[in-house]
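For reference, the structure is listed below as structure tokens.
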Amino acid sequence: MHRGDTIFARASGAGKAGVAVYRLSGPESHNIANQLVGKRIINREAVLVALRDPKDGAIIDRGLAILFENPKSFTGEDVAEFHLHGSHAVEISLYDVLSRLGARPAEAGEFTLRALKNGKLDLAQAEALADLIDAETTLQKKQALGQLDGRLSAVADGWRHEILAVMAPLEADIDFPDEGDVPAAIAEAAGPAIVRLRESLTAFLETSGRARTIREGVSIAIIGPPNAGKSSLVNALAGSEIAIVSDIAGTTRDIVETRLDLGGVVASIADTAGLHGAHHDAIEAEGMRRARARAEGADLRVAVLDPKSEFVSRETLDLLKPGDFLVWSKADLGAAIPTQSPTGTIVHQLSSKSGAGLSAFVTDLTKAVAGGANADGPALTRARHVRAVEDAINALARAEINITRAPELAAEDARLAARALGQITGAVGVEDVLGEIFSSFCIGK
Ligand SMILES: Nc1nc2c(ncn2[C@@H]2O[C@H](COP(=O)(O)OP(=O)(O)OP(=O)(O)O)[C@@H](O)[C@H]2O)c(=O)[nH]1
Ligand SMILES: [K+]
Ligand SMILES: [Mg+2]
């Protein structure tokens, strides 16, 4: 078992609460707990206790204490848990006593890091735990729970072992190179297996693109000329008055952002300053610069145009890409809309005021953002996973070429492919990515 010092943290959220959960992990955690409660507690049994400062017997609080003996605990170490009143004063006196008894405050993600080092979960599962804590939509939650269950780990490990199995006879060939016609027979057997592995990894890479959309969400920029009704549309989508609406052109200057759940995918919607080519002051120009930058960086753009407006819409239309939306606003005013629109855009007409056409627009927008997204299968939820699979595919493609003419090179390629896949669960190269992954954790997890 990995042995660290003894750490503590509040495992439940910060602030006042009915109950707060504190956790101790490490070799001294049970000893410290026993000193606080003044008696021995039975493993895995919740007991109502009074926690006292062993120095003077002053009461800290009354609550539940539970001990978990290693290795059957979250971290794999001895763990003690206290369920106390969620009070700032209780927390201060508890921390004071725990520090005096030799424990130290945990760093962000340190409990999970210990769990990882003790083999309680692998790297993909540790990431899933962070995703579960951050999950905002039910689809994100479902995906994180599946990943925590080891879905991705299982397929990544499965492929890794298949590659190693294909590689084994190749390596034997390299070790005993003088055994006549072995290479041809080996190449014959290994070649198709390598091709099959590369093809299934490629197929998996293609179908798992949606997984990152679920985890990371999408960004949508609402753009258009001044007074087109952009802020009105954002407010209608959000169901609250988050952006200022007025009949004065140039009302919105800064980017105003809101988050929506579109079919389980978190969409970050940005309201932007109106785009136009006429003479403008420095602040307006800066607003337009930000609007353009946001439009270019977004996953999807929604151009809002008022069919009765005198503003030229070229500046807006130039930013659109195929798959983006073109929304004709103020349908309640009854203006005819042009029949022409930029190729590949999805056209809608609606009124933020009356609500006409709004639900049809939301349905299409949801389809564009979340269509085909489901959280059922194993998924490559992070860039790190995608990179690992891409590296494995490239290495297998090289092995495919080398297998007949230079089996020792093919063996090395296959080894690299297996190594790349091993990085997903942390079977190899775990130290390289720990910082990146654990820096995003909260204290107490
Ligand atoms: N009749 C009608 N008026 C609307 C509708 N949507 C917006 N308006 C009006 O159009 C004007 C401009 O609306 P905004 O939402 O401020 O437009 P904007 O595109 O955000 O404008 P800027 O931020 O100045 O670029 C306001 O007077 C709104 O009340 C609509 O669906 N119907
Ligand atoms: K306006
Ligand atoms: Mg506005």
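Positions of Cβ are set from backbone N, Cα and C atoms, glycine also.
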*Pick the one from Asn227, Asn235 that TrEMBL also lists for the K(+) site with Ser246, Ile248, Thr251.*
Asn227
*Among the binding-site residues Arg23, Lys120, Lys230, Lys445, point out the residue whose Cβ has the most other Cβ atoms within 10 Å, with all shown protein chains included in the count.*
Lys230
*For Asn227 (GTP binding site), find which of the binding-site residues Arg23, Glu81, Ile248, Thr251, Lys445 come within 10 Å, Cα to Cα.*
Ile248, Thr251
*asked:* Between Ser231 (Mg(2+) binding site) and Thr252 (GTP binding site), how many Å separate their Cα atoms?
replied: 8
*Give me the mean pLDDT over the domain 'TrmE-type G' (217-370), rounded to a whole number.*
94
